[in-house]
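A.B. asks: Feature annotation from TrEMBL assigns active site, 4-aspartylphosphate intermediate to D356. If you look up TrEMBL, you'll see D356, K357, T358, E451, F492, K515, R549, T629, G630, D631, R716, K722, N745, D746 marked as ATP binding site. Annotated Mg(2+) binding site per TrEMBL: D356, T358, D742, D746, in sequence order. What TrEMBL records for 2-50 is domain 'P-type ATPase N-terminal'. Positions annotated as transmembrane segment by TrEMBL: 21-38, 44-62, 240-262, 282-308, 799-820, 832-852, 882-901, 921-939, 951-974, 994-1015.
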Amino acid sequence: CIKTSKYNIITFLPVNLFEQFQEVANTYFLFLLILQLIPQISSLSWFTTIVPLVLVLTITAVKDATDDYRQCCRLLPNSTVLSLCSLRQEQWMNVRVGDIIKLENNQFVAADLLLLSSSEPHGLCYIETAELDGETNMKVRQAIPVTSELGDTSKLARFDGEVICEPPNNKLDKFGGMLYWKENKYPLSNQNMLLRGCVLRNTEWCFGLVIFAGPDTKLMQNSGRTKFKRTSIDRLMNTLVLWIFGFLVCMGVILAIGNAIWEHEVGVCFQIYLPWDEGVHSAFFSGFLSFWSYIIILNTVVPISLYVSVEVIRLGHSYFINWDKKMYCAKRRTPAEARTTTLNEELGQVEYIFSDKTGTLTQNIMVFSKCSVNGHSYGECRAPGPEPVDFSFNPLADPRFQFWDPSLLEAVNLGDPHVHEFFRLLSLCHTVMSEEKSEGELYYKAQSPDEGALVTAARNFGFVFRSRTPKTITVHELGRAITYQLLAILDFNNIRKRMSVIVRSPEGKIRLYCKGADTILLERLHPINQDLTNVTTDHLNEYAGEGLRTLVLAYKDLEESYYEDWSERLHRAGSAPEAREDYLARLYDEVEHDMMLLGATAIEDKLQQGVPETIAILTLANIKIWVLTGDKQETAVNIGYSCKMLTDDMTEVFVVTGHTPGRDLGVPHWTGHRAQLWAMLPIVPLLSLQAHALEADMEVEFLETACACKAVICCRVTPLQKAQVVELVKKYKKAVTLAIGDGANDVSMIKTAHIGVGISGQEGIQAVLASDYSFSQFKFLQRLLLVHGRWSYLRMCKFLCYFFYKNFAFTMVHFWFGFFCGFSAQTVYDQYFITLYNIVYTSLPVLAMGVFDQDVPEQRSMEYPKLYEPGQLNLLFNKREFFICIAQGIYTSVLMFFIPYGVFADATRDDGAQLADYQSFAVTVATSLVIVVSVQIGLDTGFWTAINHFFIWGSLTAYFAILFAMHSDGLFQMFPNQFRFVGNAQNTLAQPTVWLTIALTTVVCIMPVVAFRFLKLDLKPELSDTVRECGLGSEYGIPTPDGMRFRGSLTLSPGDVPRCKRKEPKTSFFL
């Protein structure tokens, strides 16, 4: 059976803990906890580690349990299984291979079934495959004729056939097998299969034989684990944590050596009244134990709360994306969705975008625009003030269809045989399903928008496709119903790039109709078509230059004797136990030769709203956009101009030859970064050329050529080649890549890129299911990157810088104190303060900054795309910034320890008593630390909200409340062994000297930071500083026109380059 849950009640705790302790950080803190249980080396109570560790494990466990519950709580329906001439209800988990299942209308298919019979004639049934490929249009499946009559349970109970088929695999569109029954064998294909996840539609009932069940079904074979993606900050953070751990070991070694020396030189003099612990017999062994003690004490330089805080911040950023109303498409009722929480900050570092064209840049709503028939081009409107063609003569016409050239309708009315044959082909050569909801109201369900547009065009011009059965197609030709016998369908696929049908007319004539890509069909025409081919090719180039999608149409008459022989060979090939696909491909190729050219179609797929503006703004943000499409070069060029990827100032055109494999791509030499280059690799032969360009010995030269260009458009690429191009850039450029697409052919590219974005469009939801982020329109990519991505990167960088700073400032005080306490591993702070510092006193303010902070408002982020550049250059958090934060933390810890130490050396209380006791010193240092880090986060916060105020002031309030509570008489009465220093906090903080010491420490720690930032803002401001100052001027009514110069040297204009300029070649590259 299939288990969609990972845990159950018994296994949850052990399995989840085992998984969590796969994380190095959790294992590290478990190791520390074990060390703290050893009395000889632990100077801290065990709860200082176990409390934060349990908190982290609990939060993660609750999250995992919630996610798992959502997976397992979906109730699955029962299936009706045939057993001993009767039907019984069974749960899906009990369905076995060989069972016969009865399905009723609107039921899910429980396993991969061989369709045996149905309520529809000829054993047909209709299914919806949205769970498999996202397509909501119905598809037809048919039982093999020999089993289609097994419609009642008594006949099915006597069915004793044997099926031999392929092993379980993940190929949704292919199935090969053989049914052996009644001493005969019958070939089985994907058209006879109902796959798990499909839904039965418009069919009262059907019976199916279980072929694959449970994890062997094709749906489950496709549900393998997606490759886990990590951000560059994650990888850097792991490296830095290892460095910090190395630094921790070094500090432990230094203090351990100090302890051994002190015990040997000084401690030996105190053995009488301060003997070594039991088991310690030498200064060296004392130093060894001291090393582990200091590892425990100083472990907070590797904070366990870091990882949980990062996940909380990322979760908040994901919710902001999901809740963004400006990325909501009201027309489709589709919001933006962050399908992962691990890549948000990577959205602020993208350098390369790889985009599909159809459905991603365009709407994928196809409109029949122009056509070429027998050398005549139709679709150009020559009359002034054009009106759409009047199709009122046709009661079955689609009222939404519009065409602007009346001459094509005139040719139909005049009986032009070529035009009639043209539309006859369009009405016959397809896989569209027709549904008549009411008299004369036809509704077509097509597997692709292109196919639906072509059949609709034929419908309006009088060739109306009405219905189909497995063996016939009925068409109303100019009002006359004609039924054609359907002899064979030669399916379309990405390798053939064409589709054919063979039909027999009522007069008995057998004819093959074919439509497909021009690169495939033109070479399969009869030589007699040469003149017509030249004219049609000119029309194709003209259509492609306008950005239209083109197909070539052809036909071929077949002799009866040839067809009978070919059909027999086709049947034998379909029954072949091995290499069936190869045999069928050869037979298809044989019959699809020497065809007669009919013409070509041109379909318009308009750009989505906002695409040119989005591409222009992303280009200003130094993001390189590559379009990877399977269309013709001319179509891609036109789309490039429409999208404003290409501009008129790109005038000099160079062509990369590369017809044959070799090391030289033929790139001409050019000098100067403003040289114009269109690198156009030839289109034919496609696969041979791409293979050579992407081979190991040429891929570097290919990449260098492409990266020297400003715009790159790759034409005629396959889905695999899209992924190869993305992988090539990832491999050599070490840049963050983003792939965006809307169809199943984009899945490999989406999974290969660092970030995958799916467009929920007309081609199903496979791209969305494989993506990390999804929305409905390409224009939302601008907001996703420039607003959410940039903010996420900024917030995460500021969070990490502050987090490492505050923990080093906190921990290094112990290191300095070690030199004044005989290296005895004594802590400065109270153990409760150590426990609560990272989880109560400083956790919420930094989380608020990491979730809500902004440097400039969202509209400014869109207006000034150059603000995006620091993320691409990784300026805000890198090794240099890390060491700066560490240095600031160490500087703060030095002042935090030595200023109170110096003051307390000679300070007295109001009553003249000595102030310098251990507990008063600890309270003073801890209070100084909390105030300093709170002031620091106030300086770091660029966007104040009520939540920031509440968390910062609330944390300070919580600190003092807990501090006074722990030194209160009430807790002492309840726990006298734990809270022995009654009134210490109150007495210490009542001394003016203590508050002056805290104030002095705070000023000395913070003033250098304030001075540095002030000077930097005044002398060398960043673009964000200038944009923010401009915004403040506008807010207070100060005139700040574009181009106004502020203090310093930076002039602000929309699109200006900040201090880190990079040269941009004005070049385009076509593949």
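Cβ from N, Cα, C; glycine included.
Automated prediction, rather than curation, is the source of TrEMBL annotations.
I would like each feature placed in context: is it buried or exposed, what are its neighbours, and how far apart are things?
C.D. replies: Other Cβ atoms within 10 Å of the Cβ of D356 (active site, 4-aspartylphosphate intermediate), summed over all protein chains shown, number 28.
If you take the C-beta of D746 (Mg(2+) binding site) and look for same-chain residues 6 or more apart in sequence within under 8 angstroms, you find D356, T360, P719, K722, A739, I740, G758, A767.
Sequence-distant contacts of the transmembrane segment (240-262) (same chain, six or more residues past either end, CB-CB distance under 8 Å): 25, 28, 283-284, 286-288, 290-292, 294-295, 298-299, 301-302, 804, 815, 818-819, 822-825, 879, 882.
Remote same-chain residues near the transmembrane segment (799-820) are listed as 233, 237, 240, 244, 251, 255, 258, 294, 297-298, 300-301, 303, 306, 309-310, 313, 826-829, 837-838, 842, 846, 849-850, 877, 881-882, 885-886, 888-890, 892-894, 896-898, 901, 925, 929, 932-933, 936-937, 940 (criterion: CB distance under 8 Å, separation of at least six residues from the stretch ends).
Residues 240, 801-802, 804-813, 815-817, 820, 828, 921, 924-925, 928-929, 932, 997, 1000-1001, 1004-1005, 1008-1009 of the same chain sit 6 or more residues outside the transmembrane segment (882-901) yet have a Cβ under 8 Å from a Cβ within it.
Sequence-distant contacts of the transmembrane segment (994-1015), counting only residues of its own chain at least 6 positions beyond either end whose CB sits under 8 Å from a CB of the stretch, comprise 888, 891-892, 895-896, 899-900, 903-904, 907, 915, 920, 923-924, 927-928, 931-932, 935-936, 939, 988.
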A.B. asks: Restricting to the binding-site residues T358, F492, R549, G630, R716, which ones have a CA within 10 Å of the CA of D742 (Mg(2+) binding site)?
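C.D. replies: Qualifying among T358, F492, R549, G630, R716: T358.
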A.B. asks: List nothing but the largest Cα to Cα distance in Å, as a whole number, among the residues D356, K357, T358, E451, F492, K515, R549, T629, G630, D631, R716, K722, N745, D746 that the record says bind ATP.
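C.D. replies: The span, Cα to Cα at its widest, is 25 Å.
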A.B. asks: Across the whole of the domain 'P-type ATPase N-terminal' (2-50), what does the mean pLDDT come to? Round it, please.
C.D. replies: 73
A.B. asks: Who are the chain neighbours of the transmembrane segment (951-974) in space, where the CB to CB distance is under 8 Å and they lie at least 6 residues beyond its ends?
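C.D. replies: Residues 830, 832, 836, 840-842, 844-845, 847-848, 923, 926-927, 930-931, 934, 937-938, 980-986.
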